[in-house]
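As given in TrEMBL:
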type     : residues : note
REGION   : 1-23     : region 'Disordered'
COMPBIAS : 1-11     : compositional bias 'Polar residues'
TRANSMEM : 50-69    : transmembrane segment
TRANSMEM : 75-92    : transmembrane segment
TRANSMEM : 104-122  : transmembrane segment
TRANSMEM : 128-150  : transmembrane segment
TRANSMEM : 162-183  : transmembrane segment
TRANSMEM : 195-216  : transmembrane segment
TRANSMEM : 237-254  : transmembrane segment
Amino acid sequence: MANPTFSNNPVFNGRGATPTRDVTPESLDELYARPSATASETDRMTFEDTTVKTVSLLAIVVVLGAVAWFSGPLALPLAMLGAIGGLVLGLVNSFKKEPSVPLIVAYAAFEGLLVGGISRVFEGIAPGVATQALLGTAAVFATVLILFRSGKIRASAKATKIFMIAMIGYALFSLVNFALIAFGAIQSPYGVRDVVIFGIPLGVVLGLLAVVLASYSLVLDFDFIQRGVRSGAPRRYGWTAAFGLVVTIVWLYVELLRLFAILRGNN
């Protein structure tokens, strides 16, 4: 399931792009004869501007994450508040055609509470796991970005179909697993993930699958952003792109956090 932030927006999915015409001597003469571009014509989305917006949102996540981290016994309640607020605003922002900066910033703030609070909880279970997850997230993000920029990996129709099927299955499993934990059917904080099969916790296998899915989601994000820049999308859509990246980055971090915690507990 591709990130709805991009797939539902014609600016990024290619359906809203303006087709280009062939370059001819006549078209070049016409281009040179035109007056200087207006502010609206030059106010376009760029990779640099999208990077700045993404870093700004991640800074908000870090700041609010620090607040939750140092909140002591309030860490878990703040994480729950962040999860609920992040889910609601995540859905709202994902399906909005026009980006709303206040809503996107609010989403980053709620995600910060979630990340900081849940990191504090897992840190109590397995000291040092938050640092491992942070370094792992940075390593995966950097690797995917380098491979994408070098052309070594690209999104394909076949891979995306497989991704969608796996993502739907994983989402359904996560929902059922959460319900089992919430209603006390399973005492383990990891739920069914704690089940051991052939000496390996199911959570490890699912965690690795989730990391692969999140990594491919990054590829899709980069691909959609590239389309937006090439199609000359308005600059404001840089916020939409930044929001989509933050969604995937936070998801990747949480999956790695849980994976490392399960591995540490198993040892």
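Note that Cβ sites are derived from N, Cα and C of the backbone, with glycine treated the same way.
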With a cut-off of 8 Å between Cβ atoms, can you find at least three pairs linking the transmembrane segment (237-254) to the transmembrane segment (162-183)? Only pairs 6 or more residues apart in sequence count.
no
Other parts of the chain folded back onto the transmembrane segment (50-69), taken as Cβ under 8 Å at six or more residues beyond its ends:
75, 78-79, 82, 104-105, 108-117, 119-120, 225, 229, 238-239, 241-243, 245-246, 249-250
What else in the chain is close to the transmembrane segment (128-150), if you only count residues 6 or more beyond its ends and a Cβ gap under 8 Å?
119-120, 122, 211, 214-215, 218-219, 222-223, 249, 252-253, 256-257, 260-261, 264
Close approaches to the transmembrane segment (104-122) from elsewhere in its chain (Cβ under 8 angstroms; 6 or more beyond its ends):
57-58, 60-69, 71, 74-86, 89-90, 93, 129-130, 133, 239-240, 242-243, 246, 250, 253-254, 257-258, 261
